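These notes concern the structure reproduced below.
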Amino acid sequence: MPSPLPVSFLLFLTLVGGRPQKSLLVEVEEGGNVVLPCLPDSSPVSSEKLAWYRGNQSTPFLELSPGSPGLGLHVGSLGILLVIVNVSDHMGGFYLCQKRPPFKDIWQPAWTVNVEDSGEMFRWNASDVRDLDCDLRNRSSGSHRSTSGSQLYVWAKDHPKVWGTKPVCAPRGSSLNQSLINQDLTVAPGSTLWLSCGVPPVPVAKGSISWTHVHPRRPNVSLLSLSLGGEHPVREMWVWGSLLLLPQATALDEGTYYCLRGNLTIERHVKVIARSAVWLWLLRTGGWIVPVVTLVYVIFCMVSLVAFLYCQRAFILRRKRKRMTDPARRFFKVTPPSGNGTQNQYGNVLSLPTSTSGQAHAQRWAAGLGSVPGSYGNPRIQVQDTGAQSHETGLEEEGEAYEEPDSEEGSEFYENDSNLGQDQVSQDGSGYENPEDEPMGPEEEDSFSNAESYENADEELAQPVGRMMDFLSPHGSAWDPSREASSLGSQSYEDMRGILYAAPQLHSIQSGPSHEEDADSYENMDKSDDLEPAWEGEGHMGTWGTT
């Protein structure tokens with residue numbers, strides 16, 4: 001019976017050596033990858049056996065015996081796959097696997113690996129060697145590639161056998177199905193190999209699987225041994241050395257994991273952050289692309305609409321500002337075709353006078369001023385006979401037109417020669433003018449027949465004097481007669497803006513087409529040297545005269 005002291009010491013060493021040394025919290029979102037390192041990054045690579053436990057389980061769910069570096073295992077839908085990265089020349093040979101259960105201590109052939117340009121070839125069956133004979137017929141056919149000096153090895157029952165060193169012709173390439181059936185693989189240096197224990201897919205079951213590498217000229221090498229157990233069902237995982245990776249984590253993977261390697265135990269706490277089922281489904285199926293693309297499209301449309309409305313508003317404001325600041329758009333001239341008398345919203349507007357018509361008007365004005373000096377103050381002028389009317393109409397084709405203020409040709413009166421047989425009423429505040437009328441008799445002259453004209457170039461302008469106000473005088477600011485006399489009997493638009501008042505409408509009781517009614521010819525009412533107009537009760541009602 002052993003003494004109790006050594007037993008207690010051994011138990012103490014076991015507890016001290018097996019207690020957790022480090023604890024690490026690993027947080028991952030649902031659907032992410034859980035990475036659990038068993039050793040720190042600075043630890044050297046060890047060939048010691050490691051085991052992974054979960055929770056309070058007494059049986060490890062994964063046991064791994066590392067072999068050569070650069071090897072890994074993948075547990076998934078195709079079975080348990082041995083992963084070899086960066087294949088080199090010395091990795092060619094026979095790869096055997098062992099499953100327990102059902103097989104125990106029985107190694108079954110898995111795959112032969114042939115590395116190109118390595119000088120070695122491996123085959124499971126001797127019948128496949130005939131296709132590798134490189135005679136003249138096979139060389140000329142072009143279906144094979146000569147590998148002169150390659151060493152050929154064939155598996156004979158439970159051991160490899162040297163077939164010979166004669167030249168062989170390796171096939172240019174074989175289909176994947178043929179390679180899977182024959183289990184002979186030819187790879188290029190630096191590629192990655194995925195080897196299964198049997199033809200994939202191989203169902204994954206709890207148990208153990210081991211791999212070994214056999215080469216006729218080198219000793220056998222144990223690669224990896226993996227044992228699956230535990231209470232939880234087997235799930236997809238990656239084992240790479242001392243690193244355990246659980247892809248697409250779920251809430252079932254949350255818990256505490258222990259890694260036992262030699263006398264060192266590493267504890268890992270895994271916390272899975274839950275996500276909504278819809279978001280998880282979108283991530284797994286790739287359906288998140290649909291709402292993201294829709295949202296991007298809506299944002300693009302909204303930005304485009306806002307930009308379009310902003311540009312449209314800026315364009316409208318710019319066009320309005322340009323129109324308001326353009327001096328050419330401040331005044332409008334209506335110039336319809338000459339002589340047609342087209343009616344529009346401005347009334348009976350004819351074409352504007354040309355330079356020739358302006359000169360004709362000036363000549364007629366000069367003749368009228370020389371023959372009848374007092375015709376400006378007569379508001380009623382008899383209409384001449386039909387012959388004179390037609391003659392006057394032929395001379396003045398422009399007819400009625402709006403006057404042009406600031407014109408170099410002088411201001412023109414408001415004329416209407418198209419309807420000489422009717423009474424004419426002036427609406428622009430200036431007197432009528434008919435330069436071609438003959439002098440009227442004394443019986444047809446009214447009280448304004450001997451009144452002075454607006455302007456006389458040979459006389460000096462009368463000084464403004466005070467005037468008397470009556471009910472016919474314009475109210476507001478004082479009226480300057482010299483300003484009235486500065487024109488040829490017509491007020492410009494600028495003067496009319498300063499003198500806005502309603503002219504008295506005086507109607508005559510006498511009937512007849514030879515009398516004209518006008519209320520605009522009261523120019524001499526405000527002369528300082530004349531007397532106030534007096535109303536006359538006899539004769540014509542609504543007229544006045546000077547005494």
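Cβ from N, Cα, C; glycine included.
As annotated by Swiss-Prot, compositional bias 'Polar residues' applies to 337-355 (among others).
Taken from Swiss-Prot, the feature compositional bias 'Acidic residues' applies to 395-415 (among others).
Taken from Swiss-Prot, the feature compositional bias 'Polar residues' applies to 416-429 (among others).
What Swiss-Prot records for 434-447 (among others) is compositional bias 'Acidic residues'.
Swiss-Prot lists C38-C259 (among others) with the feature disulfide bond. Secondary structure at C259 (disulfide bond), as computed by DSSP, is strand.
A simple way to gauge crowding: the CB of C197 (disulfide bond) has 22 other CB atoms within 10 angstroms, across all the protein chains here. Per Swiss-Prot, disulfide bond is recorded for C97-C197 (among others), and the stated evidence type is similarity to another entry.
According to Swiss-Prot, the disulfide bond annotation covers C134-C169 (among others).
According to Swiss-Prot, the domain 'Ig-like C2-type 2' annotation covers 171-271. A mean pLDDT of 81 is what the model gives for the domain 'Ig-like C2-type 2' (171-271).
The Cβ of N56 (N-linked glycosylation site) lies under 8 Å from the Cβ of no residue that sits 6+ residues away along the same chain. Annotation comment: Swiss-Prot describes N56 (among others) as N-linked glycosylation site.
In sequence order, G70, G190, T192 are the residues near N86 (N-linked glycosylation site), counting only same-chain partners six or more apart with C-beta under 8 A. Positions annotated as N-linked glycosylation site by Swiss-Prot, on the basis of sequence analysis: N86 (among others).
The annotation N-linked glycosylation site is assigned in Swiss-Prot to N125 (among others). Within 10 Å of the Cβ of N125 (N-linked glycosylation site) there are 13 other Cβ atoms, across all protein chains.
For N138 (among others), the entry in Swiss-Prot reads N-linked glycosylation site, with the evidence type sequence analysis.
The N-linked glycosylation site feature in Swiss-Prot is assigned to N177 (among others).
Summarising the annotation, Swiss-Prot assigns N-linked glycosylation site to N220 (among others) and lists sequence analysis as the type of evidence. All protein chains included, N220 (N-linked glycosylation site) registers 13 other Cβ atoms within 10 Å of its own Cβ.
The N-linked glycosylation site annotation in Swiss-Prot covers N263 (among others).
When secondary structure is read from DSSP and collapsed to three states, S225 (phosphoserine) falls in the strand class. In sequence order, E63, L64, S65, S208, I209, S210, W211 are the residues near S225 (phosphoserine), counting only same-chain partners six or more apart with C-beta under 8 A. Under the heading phosphoserine, Swiss-Prot lists S225.
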What is the Cβ neighbour count of N263 (N-linked glycosylation site) at a 10 Å cut-off, with all protein chains included?
13
Any same-chain residues 6+ apart from C97 (disulfide bond) with CB under 8 Å of its CB? Would you list them in sequence order, or say none?
L82, W107, Q108, A110, C197, G198, I209, S210, W211, T212
Just counting, how many other CB atoms are there within 10 A of the CB of C38 (disulfide bond)?
22
Measure from the CA atom of C38 (disulfide bond) to the CA atom of N263 (N-linked glycosylation site) and give the result in Å, rounded to a whole number.
13
Nearest by CA distance to N125 (N-linked glycosylation site): which of the recorded positions is it, out of C38, N220, C259?
N220
